[in-house]
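Contents: one structure, followed by commentary.
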Amino acid sequence: MTVDFGRVLTAMVSPFDKNMELNLPMARKLARHLVDSGSDGLVVCGTTGESPTLSKEEKLELFRTVVDEVGGRAVVVAGTGSYSTKDSIALTQAAEKLGVDAVMLVCPYYNKPSQDGLYQHFRAVAESTNLPVMIYNIPGRTSINLLPQTCARLAEIGNIVAIKEASGNMDQATELRRLLPDHFHIYSGDDSMTLPLLAVGGKGVVSVAAHLVGGKIQEMINAFTSGNITLAAKLHSSLFPLIKGLFMTTNPVPVKAALGMLGLNVGPPRLPLVEATEQEKEKLRVLLREAQLL
């Protein structure tokens with residue numbers, strides 16, 4: 001299976017109202033805004049979408065809403081992975097019925113499976129669906145690192161077609177590209193690593209910063225792919241302060257605050273995350289002004 005998700009996918013936040021319930025009208029508005037401002041696709045209910053705090057029913061509501069709003073205009077990738085293989089299969093199959101274009105499966109967190117356990121988990125979920133699958137490796141959150149050799153085994157499964165690589169290790173990214181077939185796409189899971197990953201054969205990024213600067217990220221990637229490395233590096237440097245600022249505390253706390261400042265009231269995060277402090281908000285305002293967004 002050969003699939004092109006595009007270059008810039010936004011890891012979309014999950015909007016909440018004042019009662020901390022899903023704000024589906026805002027989810028529609030945000031999805032439209034992201035696609036209109038440069039996103040090729042949206043990843044719904046991933047880390048940035050606070051997936052662990054959402055019930056299965058809430059996740060399905062978000063999948064349904066985003067597909068209805070931007071399906072056909074952008075790729076909709078449903079975050080259906082968890083530490084339970086059985087639950088991941090059930091959510092994946094339910095998401096498929098709603099018309100999502102693909103699923104993203106995070107490495108099982110907390111229970112720390114072996115490399116063979118990771119392989120068996122991803123294979124079982126992939127074999128339960130006809131959808132293309134993107135694997136999500138983020139050892140800083142899951143405490144387990146999917147090794148390139150394991151990913152290469154998984155790439156032999158027909159519908160496992162991409163990885164969101166957020167190890168932050170360029171040696172690992174290089175080894176992934178060396179071992180994986182050309183049609184298997186590698187996406188950066190860290191905005192600050194997008195340009196370095198492109199340099200070793202990456203496809204694009206699953207981005208937090210694209211909530212705010214999706215067009216600029218597209219411009220940077222286009223500059224790189226057209227051979228204008230100097231311009232790509234200049235754009236990377238200009239985006240870097242804002243990108244780092246969006247991780248001054250746990251994601252998605254800063255990006256939710258920033259969206260609110262720009263008139264997209266997506267609400268605060270659910271507990272156990274808490275909203276940005278006044279000091280953090282002031283730092284964000286400065287960064288948004290410097291980026292000419294405020």
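Just so you know, glycine gets a Cβ as well, placed from its N, Cα and C.
Feature list (source: Swiss-Prot):
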SITE      THR47  site 'Part of a proton relay during catalysis'
BINDING   THR48, VAL206  pyruvate binding site
SITE      TYR110  site 'Part of a proton relay during catalysis'
ACT_SITE  TYR136  active site, proton donor/acceptor
ACT_SITE  LYS164  active site, schiff-base intermediate with substrate
Query - Euclidean distance between Cα atoms of VAL206 (pyruvate binding site) and LYS164 (active site, schiff-base intermediate with substrate), Å - result: 7
Report summary line: The sparsest Cβ environment within 10 Å, among the recorded positions TYR110, LYS164, is found at TYR110
Report summary line: What DSSP gives for LYS164 (active site, schiff-base intermediate with substrate), in three states, is strand
Query raised in the report: In sequence order, which residues at least six apart in the same chain have a CB under 8 Å from the CB of TYR136 (active site, proton donor/acceptor)?
Result: GLY46, GLY79, GLY81, MET104, LEU105, VAL106, CYS107, ILE163, LYS164, ALA166, GLY189
Requested in this report: Just jot down the residues in the same chain as THR48 (pyruvate binding site), at least 6 apart in sequence, with C-beta under 8 A of its C-beta; none if empty.
Outcome: ALA11, MET12, VAL13, VAL208, ASN251, PRO252, VAL255
Report task. Count the Cβ atoms, other than its own, that fall within 10 Å of the Cβ of THR47 (site 'Part of a proton relay during catalysis'), considering every protein chain shown. Result -> 24
Report summary line: Same chain, |i - j| six or more, Cβ under 8 Å of VAL206 (pyruvate binding site); the result in sequence order is LEU9, THR10, ALA11, VAL43, GLY46, MET104, LYS164, TYR187, SER188, GLY189
Query raised in the report: THR47 (site 'Part of a proton relay during catalysis') to TYR110 (site 'Part of a proton relay during catalysis'): how many Å between their Cα atoms?
Result: 15
